[in-house]
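What TrEMBL annotates here:
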- His97: active site, tele-AMP-histidine intermediate (ACT_SITE)
- Asn28, Gln84, His99: substrate binding site (BINDING)
- 148-164: compositional bias 'Basic and acidic residues' (COMPBIAS)
- 3-111: domain 'HIT' (DOMAIN)
- Tyr118: site 'Important for induction of apoptosis' (SITE)
Amino acid sequence: MASPLLFSTIEVTRQAFYRTPLSYAIVNLKPIVPGHVLVIPTRVVPRLADLTTPELTSLVTSVQDVGRVVEKAYGGDSLTVACQDGKAAGQSIPHVHFHILPRKFRGDFFSESMDDIYPALESSEASLPRDFLESKGDIDGRFQPLKVDADDSRPPRTPEEMEKEAKWLGTLFTNSSQS
C-alpha cells in the first residue's frame, strides 16, 4: 500500500487521483471551476527553489499530464495554471502546489472576464488552511464536521464527494504507476 500523502500537515490521500514517486494530484476542496485540481510535490517544501531538479521535473511533467486529462475530462478549451510561490504571493499552505483550472470560451464562470479568476484564486487560497482542517469529516469520525462560512457559489465539498471525483479522475490515467 502506498504511503499517506500530506499537503503540508494535512492528510489528503483520499483526494488523490494521480501519483508518481515525486508528485501527486488531488481534487480541490472548494473548486473555483469544475475540474479545479492541485498538483503537489510529494516532499513537503514551501517554495519552488526548495525542490531538487528531479522533483521539479516530476512536478512540471505532472502538471502537463494532469492538465491534459483534466482539460479533456471537463470539456475545457484551455487551462489556467497558477503557482503562488511564497506567502507574499498569496500562498497560504507552505507546500509548493500548482492549481490547474480547465477554462472554456463559453460557459465558464469567468468567460465574460477571463482574468477575474486570479482574484478568486487568491481569495480561495486565503481560507484554504481553515477549510481543509474543518472539512476532514473522515469515515471513522476522527475529525469535526465542516464549519465554514463559504460563499454560496463555492461551498466546500465533503470528503466523500472529493473521493468520488478522485476515483473517477484516477480511471482516466492509463499508466499503472499513477493512481
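Glycine residues also receive a Cβ, built from the backbone N, Cα and C atoms like all the rest.
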Across Asn28, Gln84, listed as binding-site residues, the smallest other-CB tally within 10 A is for Gln84
Largest C-alpha distance in Å for the substrate site residues Asn28, Gln84, His99, as a whole number, is 16
DSSP puts the residues of the domain 'HIT' (3-111) at 30 helix, 29 strand, 50 coil
One should report the C-alpha separation between Asn28 (substrate binding site) and the residue listed as 'active site, tele-AMP-histidine intermediate', rounded to whole angstrom, as 12
Students should find that the Cβ of His97 (active site, tele-AMP-histidine intermediate) has, within 10 Å, a number of other Cβ atoms equal to 24
For His99 (substrate binding site), the number of neighbouring Cβ atoms whose distance to its own Cβ is within 10 Å equals 22
In this predicted model, the domain 'HIT' (3-111) has a mean pLDDT of 93
